[in-house]
(Lines of atoms letter the chains of each structure in order from A; the text may use other names.)
(Lines give C-alpha, C1' and ligand atoms only; values in the text may rest on other atoms or scores of the structure.)
Protein backbone atom coordinates (compact mmCIF):
# COMPACT_ATOMS: atom_id res chain seq x y z
CA UNK A 1 0.00 0.00 0.00
CA UNK A 2 1.47 3.41 -0.90
CA UNK A 3 2.19 5.83 1.91
CA UNK A 4 2.04 9.10 0.01
CA UNK A 5 1.91 11.34 3.02
CA UNK A 6 3.95 9.27 5.36
CA UNK A 7 6.41 11.99 6.14
CA UNK A 8 8.28 10.47 9.04
CA UNK A 9 10.24 7.27 8.87
CA UNK A 10 10.24 4.89 11.75
CA UNK A 11 13.84 4.00 12.53
CA UNK A 12 12.58 1.12 14.67
CA UNK A 13 9.55 -1.12 14.61
CA UNK A 14 6.33 0.67 15.48
CA UNK A 15 5.74 0.33 19.20
CA UNK A 16 2.32 -1.21 19.92
CA UNK A 17 0.12 0.54 22.50
CA UNK A 18 0.69 -0.23 26.18
CA UNK A 19 -2.17 -2.74 26.60
CA UNK A 20 -1.00 -4.64 23.51
CA UNK A 21 2.43 -5.04 25.14
CA UNK A 22 0.79 -6.25 28.35
CA UNK A 23 -1.12 -8.88 26.38
CA UNK A 24 2.11 -9.94 24.66
CA UNK A 25 3.75 -10.25 28.07
CA UNK A 26 0.98 -12.55 29.32
CA UNK A 27 1.24 -14.62 26.15
CA UNK A 28 4.99 -14.98 26.59
CA UNK A 29 4.66 -16.10 30.20
CA UNK A 30 1.86 -18.54 29.41
CA UNK A 31 3.70 -19.95 26.39
CA UNK A 32 6.89 -20.44 28.43
CA UNK A 33 4.86 -22.33 31.03
CA UNK A 34 3.29 -24.49 28.36
CA UNK A 35 -0.19 -23.31 29.29
CA UNK A 36 -1.25 -22.09 25.85
CA UNK A 37 -1.03 -23.23 22.27
CA UNK A 38 -0.44 -20.27 19.92
CA UNK A 39 -2.14 -22.12 17.05
CA UNK A 40 -5.30 -22.42 19.15
CA UNK A 41 -5.26 -18.65 19.73
CA UNK A 42 -5.06 -18.02 15.98
CA UNK A 43 -7.92 -20.41 15.40
CA UNK A 44 -10.12 -18.64 17.96
CA UNK A 45 -9.42 -15.22 16.44
CA UNK A 46 -10.09 -16.47 12.92
CA UNK A 47 -13.37 -18.03 14.02
CA UNK A 48 -14.78 -14.89 15.59
CA UNK A 49 -13.33 -12.48 13.06
CA UNK A 50 -14.36 -14.35 9.95
CA UNK A 51 -16.66 -17.30 10.50
CA UNK A 52 -19.22 -16.62 13.21
CA UNK A 53 -21.70 -13.79 13.13
CA UNK A 54 -25.37 -12.80 13.00
CA UNK A 55 -25.79 -14.73 9.73
CA UNK A 56 -26.03 -17.87 11.88
CA UNK A 57 -28.86 -16.50 13.98
CA UNK A 58 -30.59 -15.23 10.83
CA UNK A 59 -30.66 -18.79 9.46
CA UNK A 60 -32.37 -19.99 12.62
CA UNK A 61 -34.96 -17.20 12.55
CA UNK A 62 -35.74 -17.64 8.84
CA UNK A 63 -36.21 -21.36 9.37
CA UNK A 64 -38.50 -20.74 12.34
CA UNK A 65 -40.60 -18.38 10.22
CA UNK A 66 -40.82 -20.95 7.42
CA UNK A 67 -41.16 -24.26 9.22
CA UNK A 68 -43.84 -24.53 11.96
CA UNK A 69 -42.52 -27.85 13.25
CA UNK A 70 -38.99 -26.50 13.54
CA UNK A 71 -40.37 -23.40 15.27
CA UNK A 72 -42.25 -25.42 17.86
CA UNK A 73 -39.20 -27.57 18.56
CA UNK A 74 -36.93 -24.52 18.87
CA UNK A 75 -39.24 -22.89 21.38
CA UNK A 76 -39.44 -25.98 23.58
CA UNK A 77 -35.97 -27.55 23.30
CA UNK A 78 -33.57 -25.72 20.99
CA UNK A 79 -30.25 -27.33 21.85
CA UNK A 80 -30.49 -30.58 19.80
CA UNK A 81 -31.49 -28.60 16.69
CA UNK A 82 -28.81 -25.97 17.18
CA UNK A 83 -26.22 -28.70 17.55
CA UNK A 84 -27.47 -30.26 14.34
CA UNK A 85 -27.10 -26.92 12.53
CA UNK A 86 -23.58 -26.54 13.90
CA UNK A 87 -24.49 -23.46 15.95
CA UNK A 88 -23.32 -24.88 19.19
CA UNK A 89 -20.32 -24.25 21.38
CA UNK A 90 -18.70 -21.56 23.46
CA UNK A 91 -21.25 -19.32 25.13
CA UNK A 92 -24.13 -20.96 23.36
CA UNK A 93 -24.52 -24.15 25.34
CA UNK A 94 -27.82 -23.17 26.94
CA UNK A 95 -29.91 -21.11 24.59
CA UNK A 96 -33.41 -19.87 25.25
CA UNK A 97 -35.38 -18.69 22.22
CA UNK A 98 -37.90 -15.93 22.88
CA UNK A 99 -40.40 -14.95 20.24
CA UNK A 100 -41.80 -11.49 19.60
CA UNK A 101 -45.56 -11.32 19.08
CA UNK A 102 -48.24 -8.65 19.07
CA UNK A 103 -48.45 -9.11 22.84
CA UNK A 104 -44.79 -9.09 23.84
CA UNK A 105 -41.54 -7.58 22.59
CA UNK A 106 -38.41 -9.20 23.99
CA UNK A 107 -35.06 -7.52 24.47
CA UNK A 108 -31.80 -8.98 25.77
CA UNK A 109 -29.10 -7.50 27.99
CA UNK A 110 -26.30 -8.68 30.24
CA UNK A 111 -26.27 -6.48 33.32
CA UNK A 112 -23.26 -8.28 34.82
CA UNK A 113 -20.85 -7.98 31.89
CA UNK A 114 -21.56 -8.84 28.27
CA UNK A 115 -22.83 -12.42 28.04
CA UNK A 116 -24.06 -12.95 24.48
CA UNK A 117 -24.89 -15.96 22.28
CA UNK A 118 -21.59 -16.15 20.39
CA UNK A 119 -22.42 -19.15 18.15
CA UNK A 120 -25.51 -17.39 16.81
CA UNK A 121 -24.54 -13.71 16.83
CA UNK A 122 -20.74 -13.53 17.10
CA UNK A 123 -19.03 -10.93 19.27
CA UNK A 124 -21.36 -8.30 20.76
CA UNK A 125 -21.32 -4.75 19.38
CA UNK A 126 -19.95 -1.86 21.45
CA UNK A 127 -23.35 -0.55 22.55
CA UNK A 128 -24.30 -3.93 24.02
CA UNK A 129 -21.19 -3.71 26.22
CA UNK A 130 -21.70 -0.07 27.22
CA UNK A 131 -22.70 0.96 30.73
CA UNK A 132 -25.50 3.08 29.28
CA UNK A 133 -27.27 0.18 27.59
CA UNK A 134 -26.61 -2.34 30.36
CA UNK A 135 -28.06 -0.18 33.09
CA UNK A 136 -30.78 1.70 31.24
CA UNK A 137 -32.52 -1.01 29.22
CA UNK A 138 -33.66 -2.63 32.47
CA UNK A 139 -34.97 0.62 33.96
CA UNK A 140 -36.53 2.23 30.93
CA UNK A 141 -36.68 -0.30 28.09
CA UNK A 142 -39.24 1.56 25.99
CA UNK A 143 -37.17 4.72 26.03
CA UNK A 144 -33.97 2.87 25.11
CA UNK A 145 -35.80 1.08 22.29
CA UNK A 146 -37.07 4.42 21.02
CA UNK A 147 -33.48 5.63 20.82
CA UNK A 148 -32.81 2.62 18.59
CA UNK A 149 -35.74 3.76 16.46
CA UNK A 150 -38.05 1.04 17.72
CA UNK A 151 -41.44 2.19 18.95
CA UNK A 152 -43.36 -0.47 20.80
CA UNK A 153 -47.13 0.07 20.92
CA UNK A 154 -48.71 0.62 24.35
CA UNK A 155 -50.65 -2.66 24.14
CA UNK A 156 -47.46 -4.67 23.62
CA UNK A 157 -45.56 -5.45 26.79
CA UNK A 158 -41.78 -5.28 26.82
CA UNK A 159 -39.85 -8.08 28.49
CA UNK A 160 -36.16 -7.71 29.28
CA UNK A 161 -34.05 -10.86 29.58
CA UNK A 162 -30.84 -10.66 31.58
CA UNK A 163 -28.21 -13.06 30.23
CA UNK A 164 -25.90 -14.97 32.51
CA UNK A 165 -22.71 -16.93 32.04
CA UNK A 166 -24.95 -20.00 31.67
CA UNK A 167 -28.09 -18.87 29.84
CA UNK A 168 -28.16 -16.87 26.61
CA UNK A 169 -31.16 -15.60 24.70
CA UNK A 170 -32.04 -15.20 21.05
CA UNK A 171 -34.98 -13.00 20.09
CA UNK A 172 -37.08 -14.11 17.13
CA UNK A 173 -38.39 -10.90 15.59
CA UNK A 174 -41.88 -10.77 14.13
CA UNK A 175 -42.00 -11.83 10.51
CA UNK A 176 -42.66 -8.72 8.42
CA UNK A 177 -45.87 -8.45 6.42
CA UNK A 178 -45.63 -9.09 2.71
CA UNK A 179 -43.02 -11.85 3.00
CA UNK A 180 -45.35 -14.80 2.39
CA UNK A 181 -43.77 -15.75 -0.93
CA UNK A 182 -40.14 -15.49 0.20
CA UNK A 183 -37.93 -18.53 0.65
CA UNK A 184 -35.61 -19.01 3.62
CA UNK A 185 -32.61 -17.45 1.92
CA UNK A 186 -34.56 -14.29 1.10
CA UNK A 187 -35.96 -14.17 4.63
CA UNK A 188 -32.48 -14.47 6.17
CA UNK A 189 -31.51 -11.19 4.54
CA UNK A 190 -34.28 -9.45 6.50
CA UNK A 191 -33.05 -10.62 9.89
CA UNK A 192 -30.61 -8.12 11.38
CA UNK A 193 -28.35 -8.55 14.38
CA UNK A 194 -30.27 -5.92 16.35
CA UNK A 195 -33.58 -7.62 15.62
CA UNK A 196 -32.24 -10.77 17.31
CA UNK A 197 -31.20 -8.79 20.41
CA UNK A 198 -34.54 -7.00 20.43
CA UNK A 199 -33.21 -3.49 19.76
CA UNK A 200 -34.37 -3.66 16.16
CA UNK A 201 -37.13 -5.11 14.00
CA UNK A 202 -36.78 -7.36 10.99
CA UNK A 203 -36.45 -5.39 7.77
CA UNK A 204 -39.37 -4.94 5.39
CA UNK A 205 -38.80 -6.76 2.07
CA UNK A 206 -38.14 -3.60 0.02
CA UNK A 207 -36.12 -1.86 2.73
CA UNK B 1 -26.45 -5.54 2.77
CA UNK B 2 -23.96 -3.33 4.55
CA UNK B 3 -20.74 -4.84 5.71
CA UNK B 4 -20.89 -5.68 9.42
CA UNK B 5 -18.65 -3.91 11.90
CA UNK B 6 -15.39 -5.72 12.55
CA UNK B 7 -15.66 -8.04 15.55
CA UNK B 8 -12.57 -6.46 17.13
CA UNK B 9 -11.52 -2.84 16.78
CA UNK B 10 -7.86 -3.44 17.60
CA UNK B 11 -5.62 -6.50 17.21
CA UNK B 12 -4.93 -6.65 20.94
CA UNK B 13 -8.66 -6.86 21.68
CA UNK B 14 -8.77 -10.03 19.61
CA UNK B 15 -5.59 -11.34 21.27
CA UNK B 16 -6.77 -10.86 24.84
CA UNK B 17 -10.18 -12.28 23.96
CA UNK B 18 -8.65 -15.40 22.37
CA UNK B 19 -6.23 -15.85 25.24
CA UNK B 20 -9.08 -15.84 27.75
CA UNK B 21 -11.30 -18.19 25.75
CA UNK B 22 -8.38 -20.57 25.29
CA UNK B 23 -7.48 -20.57 28.99
CA UNK B 24 -11.13 -21.28 29.83
CA UNK B 25 -11.08 -24.21 27.42
CA UNK B 26 -7.88 -25.64 28.81
CA UNK B 27 -9.69 -25.67 32.18
CA UNK B 28 -7.80 -22.91 33.95
CA UNK B 29 -11.05 -21.27 35.03
CA UNK B 30 -14.81 -21.70 34.57
CA UNK B 31 -16.58 -19.18 32.41
CA UNK B 32 -18.96 -18.27 35.24
CA UNK B 33 -15.93 -17.42 37.45
CA UNK B 34 -14.57 -15.34 34.61
CA UNK B 35 -17.88 -13.54 34.12
CA UNK B 36 -18.18 -12.60 37.78
CA UNK B 37 -14.56 -11.39 37.98
CA UNK B 38 -15.01 -9.40 34.77
CA UNK B 39 -18.33 -8.02 35.97
CA UNK B 40 -16.63 -6.81 39.15
CA UNK B 41 -13.87 -5.06 37.15
CA UNK B 42 -16.42 -3.39 34.87
CA UNK B 43 -18.31 -2.18 37.90
CA UNK B 44 -15.15 -0.78 39.47
CA UNK B 45 -13.95 0.88 36.26
CA UNK B 46 -17.46 2.28 35.72
CA UNK B 47 -17.39 4.16 39.02
CA UNK B 48 -15.12 6.90 37.72
CA UNK B 49 -16.83 7.31 34.36
CA UNK B 50 -19.38 5.67 32.13
CA UNK B 51 -17.83 2.94 30.00
CA UNK B 52 -18.66 3.15 26.31
CA UNK B 53 -18.14 -0.54 25.53
CA UNK B 54 -15.21 0.07 23.16
CA UNK B 55 -11.55 0.34 24.16
CA UNK B 56 -12.49 0.71 27.85
CA UNK B 57 -14.30 -2.63 27.72
CA UNK B 58 -11.17 -4.50 26.65
CA UNK B 59 -9.07 -2.48 29.09
CA UNK B 60 -11.28 -3.92 31.84
CA UNK B 61 -11.04 -7.36 30.22
CA UNK B 62 -7.22 -7.22 30.25
CA UNK B 63 -7.12 -6.00 33.85
CA UNK B 64 -9.34 -8.94 34.83
CA UNK B 65 -7.14 -11.47 33.06
CA UNK B 66 -4.02 -10.02 34.73
CA UNK B 67 -5.76 -10.27 38.09
CA UNK B 68 -6.94 -13.85 37.53
CA UNK B 69 -3.46 -14.98 36.44
CA UNK B 70 -1.88 -13.19 39.38
CA UNK B 71 -4.32 -14.76 41.86
CA UNK B 72 -3.54 -18.18 40.44
CA UNK B 73 0.17 -17.45 40.78
CA UNK B 74 0.75 -17.94 37.08
CA UNK B 75 1.92 -14.42 36.26
CA UNK B 76 2.64 -11.89 38.98
CA UNK B 77 2.32 -8.17 38.20
CA UNK B 78 6.09 -7.77 38.70
CA UNK B 79 6.90 -10.59 36.31
CA UNK B 80 4.45 -9.29 33.74
CA UNK B 81 6.00 -5.83 33.96
CA UNK B 82 9.49 -7.24 33.36
CA UNK B 83 8.41 -9.17 30.26
CA UNK B 84 6.40 -6.21 29.02
CA UNK B 85 9.46 -3.97 29.28
CA UNK B 86 11.51 -6.59 27.47
CA UNK B 87 9.00 -6.53 24.62
CA UNK B 88 9.08 -2.74 24.57
CA UNK B 89 12.88 -2.80 24.31
CA UNK B 90 12.66 -5.42 21.57
CA UNK B 91 10.39 -3.15 19.52
CA UNK B 92 12.59 -0.12 20.09
CA UNK B 93 15.75 -1.95 19.08
CA UNK B 94 14.38 -3.74 16.02
CA UNK B 95 14.75 -1.99 12.66
CA UNK B 96 11.42 -1.03 11.09
CA UNK B 97 10.12 -3.88 8.96
CA UNK B 98 12.14 -6.60 10.64
CA UNK B 99 10.36 -9.20 12.78
CA UNK B 100 10.35 -8.29 16.47
CA UNK B 101 11.72 -11.09 18.59
CA UNK B 102 11.96 -11.20 22.34
CA UNK B 103 15.49 -11.83 23.53
CA UNK B 104 15.17 -14.54 26.13
CA UNK B 105 16.15 -13.22 29.51
CA UNK B 106 18.33 -15.65 31.37
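Any Cβ shown, glycine's included, is placed from N, Cα and C.
TrEMBL has this to say about the protein:
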{"type": "DOMAIN", "residues": "A:19-199", "note": "domain 'Nitrile hydratase alpha/Thiocyanate hydrolase gamma'"}
{"type": "BINDING", "residues": "A:110, A:113, A:114, A:115", "note": "Fe(3+) binding site"}
For residue A:114 (Fe(3+) binding site), nearby residues of its own chain (Cβ under 8 Å, 6 or more apart in sequence): A:124, A:128, A:129, A:134
Binding-site residues compared (A:110, A:113, A:115) - the one with the fewest other Cβ atoms within 10 Å: A:110
Whole-number mean of pLDDT values that fall within the domain 'Nitrile hydratase alpha/Thiocyanate hydrolase gamma' (A:19-199): 95
Residue A:115 (Fe(3+) binding site) - helix vs strand vs coil (DSSP): coil
